[in-house]
Structures are given as structure tokens and as C-alpha cells.
Amino acid sequence: MTNEVKNDALTVKSYTNNVLTGLAIGIVAGLVPSALLSELCKALAPHAPIFAIILQIVTIIMFTVPLLIGTAIAFRFKFNPIQMVSVASATYIGSGALNFTPNGVLVTGMGDLINTLLTASIAVAVVLIIGDRLKAFAPLFLPTIVCVVSGGIGLWILPYVRKITMAVGQLVDSYFALAPILMGILVAVSFSIIIVSPISTVAIATAISMSGIASGAGNLGVVAAAVGMFLGGMRVNPIGLSLSALLGTPKIMIAAIVRKPIILLPVILNAAVLGVLAVVFKIQGTPISAGFGFSGLVGPINAIRFMPGGGTAANLLIIVLVFIIIPFALGWFFEWLCRTQLHLYTKEDYIEKQ
């Protein structure tokens, strides 16, 4: 760990950017394999057992997200191997992904992403404070100190941090009592914002059992975010990164959004229109599918299942319109309007440093 990195890490800007970029990398690395292959494997598993094994593999990868986040964040700070694994371990502990029960240890998905982020930030701070003081004893004492201190703090604040997700879920739940059009707009806009935050859209949707048209509106909100981050970022970022935002998760753009929140305006406008279309075309879904958008085709496949007649030509046309053609057309228009006509930001504001 160089002195330059140590000094940079002490500034709020560089510290925050490193943490958020590491968060985005870890989430994408853990979620993209499942997003791309899970629905395909579910469909093919009854016909070929190999796809059931692949499904298990991508699910396991998804469960490692806290470890990946901790590793990616530590890498951003140019930590040495023992420091990196210490941060990764502490992050996993604080994520809340593991629960001890009388019958053994229970893995509960990815844990709480907000607490994962906070625990990783604390672990990095502990490593920076310790620095090179342990010298040759670092392999012996550093993992213990970092994991016990940072992981312990993470577990202590976990119940309180989870209330943030619960509060957001209750807010979204309150929309369901409104008129359908207004409900569709608010749900879609909310999910377009949540999907680019450390909060999990799937966690929100499952916590409030969001189904029916509300789930469909949430799906289209996620689509708006994915399309917006793809269209805005493709001019200045590597194509692979932009495709990860589109086909994986737009959370990969979280650092750019924190630096310049106004780049979310085209996404919000797009989501508002798509929320109306969710009500008009009766796009539906399940609590599990609500937070995926068209990643892995989870949103479109579930929408077709709930449409009268299933996969008819007319229904497929509607799905293509509301999940692909209209989101891209509106996304391009609103991005063009906000950037070139209203001059609210520049294309460089979409740059995501990896």
C-alpha cells in the first residue's frame, strides 16, 4: 500500500469513490452470471441435467456478493493480499448473509447491501489506521483485528440498517392505495432510483409481497434505469461496462450517479411514462421478478405468464414494445433533451472509473 494511496484514502472524495466503485464491481460480478443464465437454465434443466448444475453454480456465485464487494473495495485501495482478504471476510460477516440457528448455519442470500457497504468502509478504515504497524505479524493478527472489530460493528448496526430497507418498502407499499395510474408512476420511478442505490429492489419487492401490476411497474422502472445508464454511458465507457448496466444491473453506475445525481433525471422521466404503460397494458409480475427488469428476461417472461392467452403474437408484440422499443426510444429522447437541450450535465458525467 503506497503513501499516495494512503493520502488519497483520507480524502472524502477518493474514499467514497473507491468504496462505491468496489461495491458496483462486486455486485456486477456476482449478479450478472445469474441474470444471464438463470431463466435459461430453469427452462432447460428438465431436459438436460447439466443446466441444473449450471443454475446451482450461478446461484452460488450470487451468494458470494458480499465477499466480492469486500475484495473489490480493498483492491481499489491497493491493499496487499492479507489486507484484502481481511476486508472481504469482515464485509461478509457484517452483511448478515449468515444466520446461526439451532439446526446449523443458514445462508440468507446476499445479506443487506447497505450494511455490506458500511462494514466494508469500516474495515478499510481499520486497515488504514493499522497501516504497516504489525509488520511481520500482520498475517497473524490483522485478519483477527479487522474481522472482530469491523465485522462486530457490522453485526451490531445490522438490525438498525435493515430498518432503512423496511422503511423504503413501507413507502412503496403505501402507493398501492392510490389510483392505478399514479401508483404505476410512483412504483416505476421509485424502483428506477432504488435499483441504482445500495438497496435491493428484490428485497423491497419480496418484503411487501409486491405482485400484479405493481410488480410489472417496478420491472419497467428497472428497465428505465438499465436503458438510461446504457445509453448515457456507452459514449464514454467501455462497451462491456455499458452492457453490464443494461443486461446485468445498473448499480455498476452508482459512483457516477453519486458524483452527478442529475443524470438520473432522464431515467426518472422514462420510468414515469413506463409506469403508465404498465397499467395500460396490464404488465404483471411476482415479488421475485419485480426487481429484475429485463435482466435474464425475468421481467418479460413473468409478464407473458400473466397475460391472457400467454405467448400469443399480440402479447409478444406488447412485451417487445414496453420492455425494449419504447424504453429505448424514450430513454434516447430524454437523455438528448436533458444533456443537449437543457445542458444539465455532460456526457463525461457518465464516466465510471473501474
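Cβ from N, Cα, C; glycine included.
Predicted, not measured: the structure shown is a model, and the values here were computed from it.
Per TrEMBL, these features apply:
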type: DOMAIN; residues: 18-350; note: domain 'Phosphotransferase system EIIC'
type: TRANSMEM; residues: 20-38; note: transmembrane segment
type: TRANSMEM; residues: 50-75; note: transmembrane segment
type: TRANSMEM; residues: 113-131; note: transmembrane segment
type: TRANSMEM; residues: 137-161; note: transmembrane segment
type: TRANSMEM; residues: 173-196; note: transmembrane segment
type: TRANSMEM; residues: 202-227; note: transmembrane segment
type: TRANSMEM; residues: 239-257; note: transmembrane segment
type: TRANSMEM; residues: 263-281; note: transmembrane segment
type: TRANSMEM; residues: 288-307; note: transmembrane segment
type: TRANSMEM; residues: 313-334; note: transmembrane segment
Touch test for the transmembrane segment (173-196) and the transmembrane segment (263-281), at least 3 Cβ pairs under 8 Å: yes
Would you say the transmembrane segment (288-307) and the transmembrane segment (20-38) are touching, if the rule is that at least three C-beta pairs must lie under 8 angstroms and be 6 or more residues apart? yes
Please determine whether the transmembrane segment (288-307) and the transmembrane segment (137-161) are in contact (criterion: at least three Cβ-Cβ distances under 8 Å, sequence separation 6 or more). no
On average, what pLDDT score does this prediction assign to the domain 'Phosphotransferase system EIIC' (18-350)? 92
